[in-house]
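Undergrad: Among the features that Swiss-Prot reports, domain 'NEL' is placed at 464-758, with the record citing sequence analysis. According to Swiss-Prot, the region 'Interaction with target proteins' annotation covers 1-453. According to Swiss-Prot, the region 'Linker' annotation covers 454-461. The annotation repeat 'LRR 1' is assigned in Swiss-Prot to 200-219. What Swiss-Prot lists as repeat 'LRR 2' is 221-242. For 243-262, the entry in Swiss-Prot reads repeat 'LRR 3'. Look at Swiss-Prot and you will find 263-284 tagged as repeat 'LRR 4'. According to Swiss-Prot, the repeat 'LRR 5' annotation covers 285-305. Sequence annotations record features per position, and here Swiss-Prot assigns repeat 'LRR 6' to 306-325. For 326-346, the entry in Swiss-Prot reads repeat 'LRR 7'. Sequence annotations record features per position, and here Swiss-Prot assigns repeat 'LRR 8' to 347-368. Feature annotation from Swiss-Prot assigns repeat 'LRR 9' to 369-389. Marked as repeat 'LRR 10' by Swiss-Prot: 390-410.
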Amino acid sequence: MFNITNIQSTARHQSISNEASTEVPLKEEIWNKISAFFSSEHQVEAQNCIAYLCHPPETASPEEIKSKFECLRMLAFPAYADNIQYSRGGADQYCILSENSQEILSIVFNTEGYTVEGGGKSVTYTRVTESEQASSASGSKDAVNYELIWSEWVKEAPAKEAANREEAVQRMRDCLKNNKTELRLKILGLTTIPAYIPEQITTLILDNNELKSLPENLQGNIKTLYANSNQLTSIPATLPDTIQEMELSINRITELPERLPSALQSLDLFHNKISCLPENLPEELRYLSVYDNSIRTLPAHLPSEITHLNVQSNSLTALPETLPPGLKTLEAGENALTSLPASLPPELQVLDVSKNQITVLPETLPPTITTLDVSRNALTNLPENLPAALQIMQASRNNLVRLPESLPHFRGEGPQPTRIIVEYNPFSERTIQNMQRLMSSVDYQGPRVLFAMGDFSIVRVTRPLHQAVQGWLTSLEEEDVNQWRAFEAEANAAAFSGFLDYLGDTQNTRHPDFKEQVSAWLMRLAEDSALRETVFIIAMNATISCEDRVTLAYHQMQEATLVHDAERGAFDSHLAELIMAGREIFRLEQIESLAREKVKRLFFIDEVEVFLGFQNQLRESLSLTTMTRDMRFYNVSGITESDLDEAEIRIKMAENRDFHKWFALWGPWHKVLERIAPEEWREMMAKRDECIETDEYQSRVNAELEDLRIADDSDAERTTEVQMDAERAIGIKIMEEINQTLFTEIMENILLKKEVSSLMSAYWR
């Protein structure tokens, strides 16, 4: 077994020549010159080898140095393998050459010791004799016998944990052997960890275990400690002062020690049971999150370096009058605040105080604020002077009855018009229409204000579901009434009841066939629990504003019914009807996309009116069978005749061009395929799996990644991150291409076999 106290060869630093320090550490300088030698999956391991070679530990031997060079050669692309040389000009000479064959790092061993040269510096080491080593080891009080400590830790393990502790020890041995600085002990079900871990470890990850505590005497040079999702109830006051970042989210911590690591810069304690914070938090702290705890008050003086403070979802009734001067983000939503400090930090950019009890905002807010969320409070007015940098303000669900008179003249500093969201406030319909006319004028350059139509002063009483259904199905038998009464226990049944009552007040009830349509649909819902569950969910927010939102929700329910029928086999023997159903869903998706474009260009207009307006007005020209005929507020939707003409043309062109590809990837069609052509479906899926599991997929990814020629960054970690992001994006793109090819092929074959392939031809002339 490996024992760190049983060392075969050691060295001591003898002399340094050319000692002028460089701005870039040697390991980074070398890495920046050779990072292109390695693929993205080998970058981290190669970087660790370079770090070791630039600063060999005192235990380095020729064999260990050689093993690192051999490892680098194996990891490198074949074209660069010869740039990493060992046994060059002698058994104990090693070097790395840059792309232009310039020597950038060399290590030379001799009988006296070894020399490391790189970056214009030369460091020489001499070996310690065996007797010196023995004397040093016997006289050292700090030598740690890791194997003894770890073996005892494994012996103490409960039976169900023993195997995972062995796995943890293997990972720690690997860190020792390969000089790794990151130790991952995630998801091992550990109830404790040993106090002694390899001293070179700077990142310790203990997430998703069953730890109830951390060691009081945790050793090492840890800079980053993650112990999220455990069962911790406290934090030792003796954690290493080297820790700079600590995440202990989703635990059971009830209090913090008065002393935390002095170097701590980032502390995340999301979802614990903390009731108060220590008065003296570390002065270096920059990020503090105690989101979702039970804190009632904050210290009067928080560290001055904090730039991000998240105290959301606690029990705070007030914030400190003096907040850190450099604070840029303050998240204090879901508390019991009734006011804000009179003076907020001058550099504040993000302020979230939503879901509180605030009645008034400071008349002057910091001009640097770009994002302001004061929704779900008790505000009756907004400040006349909004922050100059404001980009988005969320003020929904307050008691606002008017907007600042200065609002139309406000000019934000951002590249886009400021968005001010004031939905679900008690504005009158007349006030909303006046604002819409003002903000829709040609020369208007003020903020874009979003609101919801409707009279919010009306309070509706939600009836029991069976009574709401009887309003549509007047001749229900007692047995049917009892059936709907039983459905009242299902999730969101009350929301659906309110929806039905509100639907009866919409413009569409003027048409007799509308009631017949709804009645038939309700009878279907009574027989289909899965469809009923989907419809009840859609009803959740259907009645929170105007009747047009109710109508839009009804459209969504009809669309969901159509998809449900396709998935459950209603069209298995009627593929022509399935394709027509798919065409309707495709057209509705296109309408939604165009409506979103229109919403971006309008001011003071409820987006519900825009979405419903396009659906309603294009109902006949696009043969939309699931859409109703009428809506109430089309006159304030902002949609013009030219908008409708353009939308119709664009949607028909898109359908002729793209429906074939869209239908091939449509989920309900796949469900039909599995039922009507199970053998062909299995063969196609096997072919798809083969594409992924063989070299074809990775070869295509590598080829496109190579074409990108991602430039090296002076920040090696940043370069690796960019390459990983690019590889992920390319992988998704290629997977989509593979899916499109295979799903299109099987679609064409099955439709041809069923003699309905002509239905995929261009629909519009």
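Note: Cβ is positioned from N, Cα and C throughout, glycine not excepted.
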Undergrad: Are there residues at least six beyond either end of the repeat 'LRR 8' (347-368) with Cβ under 8 Å to its Cβ atoms? List them, or say none.
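TA: Hits for the repeat 'LRR 8' (347-368): 312, 325-341, 374-389, 394.
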Undergrad: How does the repeat 'LRR 5' (285-305) divide up by DSSP, counting helix, then strand, then coil residues?
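TA: Grouping H, G, I as helix and E, B as strand yields 0 helix, 3 strand, 18 coil.
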Undergrad: Using DSSP, how many residues in the repeat 'LRR 4' (263-284) fall into helix, strand and coil?
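TA: Counting residues by DSSP class gives 0 helix, 3 strand, 19 coil.
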Undergrad: If you average the pLDDT over the repeat 'LRR 1' (200-219), what number do you get?
TA: 89
Undergrad: Which residue counts does DSSP give the repeat 'LRR 3' (243-262) for helix, strand and coil?
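TA: Helix/strand/coil tally for the repeat 'LRR 3' (243-262): 0 helix, 3 strand, 17 coil.
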Undergrad: So which residues does the repeat 'LRR 4' (263-284) touch in its own chain, when a touch means Cβ under 8 Å and the partner is 6 or more beyond its ends?
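TA: Hits for the repeat 'LRR 4' (263-284): 223, 241-257, 290-305.
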Undergrad: Could you break down the residues of the repeat 'LRR 10' (390-410) into DSSP helix, strand and coil, giving a count for each?
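TA: The counts are 3 helix, 3 strand, 15 coil.
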